[in-house]
Amino acid sequence: MWSEVLLAIFANVGSFYFGVTIAWSSPAGPQVIENENYPFWVTKNQFGLIVACISLGGITSCIPSGIIRHKIGTKKTIFYFSFPGVIGSILITLADNLAMLLIGRYLIGISLGCFMFLVQIYVGEISSDKNRGSLLNFIHILVHLGVLFVYVLGQIVSLKMLNIICGAIPLFYGIGFLLMPETKPYLISKGKYQNDINANTAELSKLKQNNDKPEVKKKTIVELLQMRATRRAMIIMVFQFFFFQMSGAVAVNFYAKLIFIEASVNINPGLASIINVCVLCLSATVSVFYVRKFGRRMMLFTFNSLSVVSLIGLGIFFSLKDMGYSIDNIKWLPLVSLCLNSIAFCLGIAPVTYGLLGELFTIEAKKILAPMAQIFNQIMTFTIGISFPFLSSVIGTGSVFLIFAITTFIDIIFGYYFIPETKGKSFDEIQEALSK
């Protein structure tokens, strides 16, 4: 148990880096737009493009990282993919034009696409059936700790120093991952299971038996999708990543400080952002202990319902503000609503969605289809990142949050009818449920 926990924690330094990177735009946004740190002007819409560029990098690296991992293993793959993040941070730190910022964010996205995809697979494969749900949820704890790290650091140090610190993370992570053990399924697939001296004998025998079956031709994407279980897994993941991005939490992580500035909250917008992410971190930590006790579908129904209520509250607040009504007596509502949405996000859709990515696909499908699902997630991240400031200025921030509320409500219905329960089940049992 504890060896699994320690491995999962270090593996999720990649998740921490993801949180650091998506949160960078919150403290950096006002400074970049107000031309405080760079010798060139950046408009609000241009900054939205800077924010979203990491998703383009993630799209670029998802499938290649999965294929390379299958050839050389997780350790070396993460090591090689750590360097784009380092180079990207150098470009952002030294940028003297908009192109350098865009290229820098794109390169960082290449590292993130690899890290976030491989971390989920790695943790899922090193975990026992009993602990898999909780350990996969470490992803969200480390993501939100990364967000908190940048929010706090952004209040203390200069943007240049913040960029330097962010750039050091992928370098040390890539080097450190070389010391991590490979997963049992990978070792078995390469005929190296004897080297895994800590492995359970019965489990190794089962894995070896599966690996020793007569070799068959590798399936194409079309052939994989013709299998009912794999096709259902892919459909579920595409929809869940759509609902995940449309929950509003990702947009808030990108633009928290700007949102609180627009809301005219009674406290410092930077402090309000820190309070919100502290709630995120606490909620993510709590979810590790309770996720083993409750089914995925119950989690999705309960906490998506809370999310809908909080998003409606935000939508009403900003709509009243845009229509000129007095909001002096309800200036507390944005912070309270965002904190409630953070709780709902961390205890509901976040652990369920990323947990399913590590649980639904077979080993063969993980190499091709899981990266494709993650690519869709990156496309949605790009769309949210670039469109949120634009839509807020066109239809109003209140309308955007009401749209988030509607899509989250739809996810409640989707989860009830289409997502199978995976709590405490082995990979074989999950595949059997998907095949029905």
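Note that Cβ sites are derived from N, Cα and C of the backbone, with glycine treated the same way.
Noted in TrEMBL for the protein shown:
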type     : residues : note
DOMAIN   : 7-423    : domain 'Major facilitator superfamily (MFS) profile'
TRANSMEM : 5-26     : transmembrane segment
TRANSMEM : 46-66    : transmembrane segment
TRANSMEM : 78-95    : transmembrane segment
TRANSMEM : 101-123  : transmembrane segment
TRANSMEM : 135-156  : transmembrane segment
TRANSMEM : 162-180  : transmembrane segment
TRANSMEM : 233-256  : transmembrane segment
TRANSMEM : 271-291  : transmembrane segment
TRANSMEM : 298-320  : transmembrane segment
TRANSMEM : 332-357  : transmembrane segment
TRANSMEM : 369-388  : transmembrane segment
TRANSMEM : 394-419  : transmembrane segment
Q. Any idea what the model's mean pLDDT is for the domain 'Major facilitator superfamily (MFS) profile' (7-423)?
A. 86
Q: Counting only CB pairs under 8 A, let me know which of 78-95, 162-180, 332-357, 369-388 has the most with the transmembrane segment (394-419).
A: 332-357
Q) Looking at the stretches 5-26, 101-123, 162-180, 233-256, 369-388, which one shares the most CB pairs under 8 Å with the transmembrane segment (78-95)? A) 101-123
Q: May I ask for the residues of the chain that lie six or more residues beyond the transmembrane segment (332-357) and have a Cβ under 8 Å from a Cβ within it?
A: 120, 132-133, 136-137, 139-140, 144, 236-237, 240-241, 243-244, 247-249, 252, 259-260, 263, 265-267, 272, 275-277, 279-280, 283-284, 286-287, 290-291, 296, 299-300, 302-307, 309-311, 313-314, 317-318, 370, 373-374, 408, 411, 415, 419, 422
(Q) With pairs fewer than 6 apart in sequence excluded, do the transmembrane segment (233-256) and the transmembrane segment (162-180) have three or more C-beta pairs that lie under 8 Å? (A) no
Q: Using a Cβ cut-off of under 8 Å, list the residues of the same chain at least 6 residues beyond the transmembrane segment (5-26) that approach it.
A: 47, 50-51, 54, 78, 85, 108, 111-112, 115-116, 118-119, 122-123, 126-127, 135, 138-151, 154, 162, 166, 169-170, 173, 176-177, 180-181, 250, 253-258, 273, 277
**Q.** Chain residues in Cβ proximity to the transmembrane segment (369-388) (below 8 Å; excluding those fewer than six residues from its ends, i.e. six or more beyond)
**A.** 48-49, 51-56, 58-59, 62-63, 65-66, 109, 113, 116-117, 120-121, 221, 224-225, 230, 233-234, 237-238, 241-242, 244-246, 250-251, 254-255, 357, 361, 400
Q. Are the transmembrane segment (101-123) and the transmembrane segment (271-291) near each other by the rule of at least 3 C-beta pairs under 8 angstroms (pairs 6 or more apart)?
A. no
Q) What else in the chain is close to the transmembrane segment (298-320), if you only count residues 6 or more beyond its ends and a Cβ gap under 8 Å? A) 247-248, 262-263, 291, 327, 330, 333-334, 336-338, 340-341, 343-345, 347-349, 351-352, 396-402, 404-405, 408-409, 411-412, 415-416, 419
Q: With a Cβ cut-off under 8 Å, give me the same-chain residues at least six positions beyond the ends of the transmembrane segment (46-66) that come close to it.
A: 21-22, 25, 29, 32-33, 77, 81, 84, 88, 98, 101-102, 105-114, 116-118, 254-255, 366-368, 370-372, 374-375, 378-379, 381-390
